[in-house]
Amino acid sequence: MLKVDDDDKKVRGHARSASENRDFREATKRDALNQLRQELDNLIEDAPAENQPKLKSELSNGFAKLFMRFLEEEGPSVNWESIERLPGDAVIDYNTLKTPTTDLIHQMLSKLIVVKLNGGLGTSMGCHGPKSIISVRNNLTFLDLTVQQIEHLNKTYKTNVPLVLMNSFNTDEDTEKVIRKYKNLNVEIHSFNQSCYPRINKETLLPIAKSPNFEDDLEAWYPPGHGDFYQSFKNCGLLRKFLDKGREYCFISNIDNLGATVDFNILDLLLNPNHKDIKHEFVMEMTDKTRADVKGGTLIQYEHKLRLLEIAQVPKEHVDDFKSVKTFKFFNTNNIWAKLDAIDRVLAENKLNMEIIINNKSLGNGLNVIQLETAVGAAMKCFDGGIGVNVPRSRFLPVKKTSDLLLVMSNLYNLKNGSLVMSHQRMFPTTPLVKLGDTHFAKVHEFLGRFATIPDIIELDHLTVSGDVTFGAKVSLKGTVIIIANHGDRIDIPSGASLENKIVSGNMRILDH
């Protein structure tokens, strides 16, 4: 079982025999599960009659099963010594994939739907509402860019690829308001909500929710991670709808990954494999690991199946092995391609078994709670013919921090039909490593206020900025640039300044050139 914070302490008391310990644990588990079910039943009964069937499906079925597994599964989900060497054909080199003809692309796109995971808020970057409505380039949001991409695809290939948004209760209302502005575009947009689960008191293992209406107490509820996609997609009826219309595959990605566009070569691999008897039900896009990606999940062979290994599953004594670029060369971009009828089959056979992520949190009132979550990529082991594809770094362009925002807003990229394309002026394909201090740059409005214009970073390798630093207009940064204003000091980089392989510190202004 995954643990984000493994702070469990075993209390030493009177010695018990193994059987006594086992009986005691089993009894406490039964009590915890029975008490939880009673609490869930109370929440369901308190809901309006029209809401009870949905609530029962989510709580009595989905959440209760997750909680039961949480109680039953002890010890690590992966035995490190049992990890097998990846087979030679486990990860396909993207460069070996063939490019399909325009006619074939038109046919293939009729089999595809695009899913964007849209459950996250922009709070970590100091923004209110869904992260997908943060402006990232030319006053266009993540959602604007996504819709532009799909509209261009549909117009160019005379097709109708649907866009599906998986919202959470945090993002649903605001997203529905925003997508109205796209109604006259050539994009068929669907949305559905992932499940809404109650947070658990860490001490009592009981739900802290007192009302079935999450709006009464938002802190008492949470969306259980993007691994919830499969069941919620089926529950809302969209899985059956698209299967009936002849759609075969879905392409799933995070809405804040601006590199996650529909790729024809991968789609061709799925729909027109070299060997007709091979059907890849699940494809995970991997890219080369760098020192900046050492915590990213990777692919392993385990119990004769490919599966995702996350750092939270790794025993402490093997964390350095996991982070090694030599040992694990690739990491998961969370760009997933999955066969729709395989999703339907796995769910029908009750074989969807993803590792549980235990996310420990402290609420504003000091209460310690547990969130039980799952990750979409962890379902890989449940499907047949799963493979990884080693894709170019350009397929992974997430915006998690303002340092990422600096990259996508800069002249490093050109915007074309909703997609960011690296400038041909960049001499090498890697992106610069940018580190901006949390105190002055973490929030979007603070970040924007510190740049008169975004600097020219075409020739930048590494940028570190810490402290009270501002940038004038038309600043150029090249090579390695480190700017550190000590506490109480301020550094103003003047307009037109060109910094190449410079270290700037103290309390100063750089003179105009």
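Placed from the backbone N, Cα and C atoms, the Cβ positions cover glycine too.
Bear in mind that the values here come from a model prediction, so they are computed numbers and not experimental data.
Listed in TrEMBL:
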type	residues	note
COMPBIAS	1-10	compositional bias 'Basic and acidic residues'
REGION	1-29	region 'Disordered'
COMPBIAS	17-29	compositional bias 'Basic and acidic residues'
BINDING	Lys131, Gln194, Gly225, Asp256, Lys400	UTP binding site
BINDING	His226	substrate binding site
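On the structure: features taken from TrEMBL.
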residue: Lys131; record: UTP binding site; Cβ contacts under 8 Å, 6 or more apart: Gly120, Leu121, Gly122, Met125, Phe142, Thr171, Ile255, Asp256
residue: Gln194; record: UTP binding site; Cβ contacts under 8 Å, 6 or more apart: Gly119, Met166, Asn167, Ser168, Pro223, Pro224, His226, Asp228, Phe229, Ser232
residue: Gly225; record: UTP binding site; Cβ contacts under 8 Å, 6 or more apart: Ile357, Glu373, Thr374, Ala375, Val376
residue: Lys400; record: UTP binding site; Cβ contacts under 8 Å, 6 or more apart: Ser124, Asp256
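With all protein chains in the displayed structure included, the most crowded Cβ environment within 10 Å among the binding-site residues His226, Asp256 is that of His226.
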